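Swiss-Prot has this to say about the protein:
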SITE      ASN13  site 'Discriminates between blocked and unblocked aminoacyl-tRNA'
BINDING   TYR18, PHE65, ASN67, ASN113  tRNA binding site
ACT_SITE  HIS23  active site, proton acceptor
SITE      ASP92  site 'Stabilizes the basic form of H active site to accept a proton'
Amino acid sequence: MSGGVKLIAGLGNPGDQYARTRHNVGAWFLETLAQQRNQSLAKENKFHGFVAKCNDYWLLKPTTFMNESGQAVAALARFYKIKPSEILIAHDELDFPAGDIRLKEGGGHGGHNGLRNIIQHLGSSDFYRLRIGINHPGHKDRVTPYVLSPPSENDRIAILAAIEKGLRLIPELVQGDFQKVMRELHS
């Protein structure tokens, strides 16, 4: 993959009942980024989400449910001719402790339905993922209620700190300095 990020999407489910849940930490990331950049996210039905143009890149918060996120990402990417390798998806990651944040280049969906749908709609898995740790409930049967509930206060604080760490590296992501981002996040 080459070039910098031209589209940053933050995954989550729409509606107030999901806004503070673990599954929405990608949306938390995107909303915080928009606030820091003084950008207002405007609803764009043709992109199935809230959108803002921020210098040389787009911000996208899908209005679809998580498992249909690919509609929004693919619609905006195709309209603006953004390649999968120029896309960054911020999402919740069960396999990392709350407070961990890592950048991944390409790969599978790892059981994440939002990523699965994005891969399906883009026809490619060659996009970047900003994986924000939320902990694992311990057993697969508890995953759905776990991700659809708010984190504990300690986990919420750790998740917000991870988001801040990721936000500080947006300039490097936009410039395409992915190795520097990985060094910063993974050390």
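Counting begins at 1 with the first residue displayed.
Backbone N, Cα and C atoms are what each Cβ position is placed from, and that goes for glycine too.
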(message) I need the CA-to-CA distance for ASN67 (tRNA binding site) versus ASN13 (site 'Discriminates between blocked and unblocked aminoacyl-tRNA'), whole Å please.
(response) 9
(request) Between any two of TYR18, PHE65, ASN67, ASN113, the residues recorded as binding tRNA, what is the biggest Cα to Cα distance in Å? (result) 16
(request) Look at each of the recorded positions, ASN13, ASN67, ASN113, and point out the one with the fewest other Cβ atoms around it within 10 Å. (result) ASN67
(message) For the binding-site residues listed here (TYR18, PHE65), tell me which residue's CB has the most neighbouring CB atoms inside 10 Å.
(response) TYR18
(request) Measure from the CA atom of HIS23 (active site, proton acceptor) to the CA atom of ASN113 (tRNA binding site) and give the result in Å, rounded to a whole number. (result) 11
(request) Show which residues of the chain containing the residue listed as 'active site, proton acceptor', separated from it by at least 6 in sequence, have their CB under 8 Å from its CB. (result) LEU11, GLY12, ASN13, MET66, ASP92, VAL147, LEU148
(message) Other residues near the tRNA site, CB within 8 A of the CB centroid of TYR18, PHE65, ASN67, ASN113?
(response) ASN13, HIS23, THR64, MET66, GLU68, SER69, GLY114
(request) In three-state terms from DSSP, label TYR18 (tRNA binding site) for me. (result) coil
(request) Reduce the DSSP letter at ASP92 (site 'Stabilizes the basic form of H active site to accept a proton') to three states and note it down. (result) strand
(message) On the three-state reduction of DSSP, what should I expect for PHE65 (tRNA binding site)?
(response) coil
